[in-house]
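When I checked Swiss-Prot for this same protein, it listed these features:
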DOMAIN    5-107  domain '2Fe-2S ferredoxin-type'
BINDING   42, 48, 51, 88  [2Fe-2S] cluster binding site
């Protein structure tokens, strides 16, 4: 399975959808290509928080720290947690194989 990893999306009702996803794409891109409801209003340009996702701590700790720009956008996210990230900023790597991504029940699109 070279070049692909397993990603499990956990939808707000607890339903799980596991997909095989190419390394190098973002969580936002994978969600869209699998018809999952993750908005991404700014199309990954770090101008909104509508692709806010919640990760399990094990995988959150494998990521590089969020940039200041991502942290600023996360401050606007509805239901922010200690392991919240923006789906557009999580690029899949081999070490993220098996990642579980919780899709929050609601997002907030704040236009400045």
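The backbone N, Cα and C atoms fix where each Cβ goes, and this holds for glycine too.
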Among the binding-site residues listed here (42, 48), identify the one with the smallest other-Cβ count within 10 Å.
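Fewest other Cβ atoms within 10 Å, among the binding-site residues 42, 48, is found for 42.
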Which ones in the same chain are close to residue 88 ([2Fe-2S] cluster binding site), with CB under 8 Å and 6+ residues apart in sequence?
26, 27, 28, 40, 42, 43, 44, 45, 46, 51
Specify the count of other C-beta atoms within 10 Å of the C-beta of residue 51 ([2Fe-2S] cluster binding site).
29
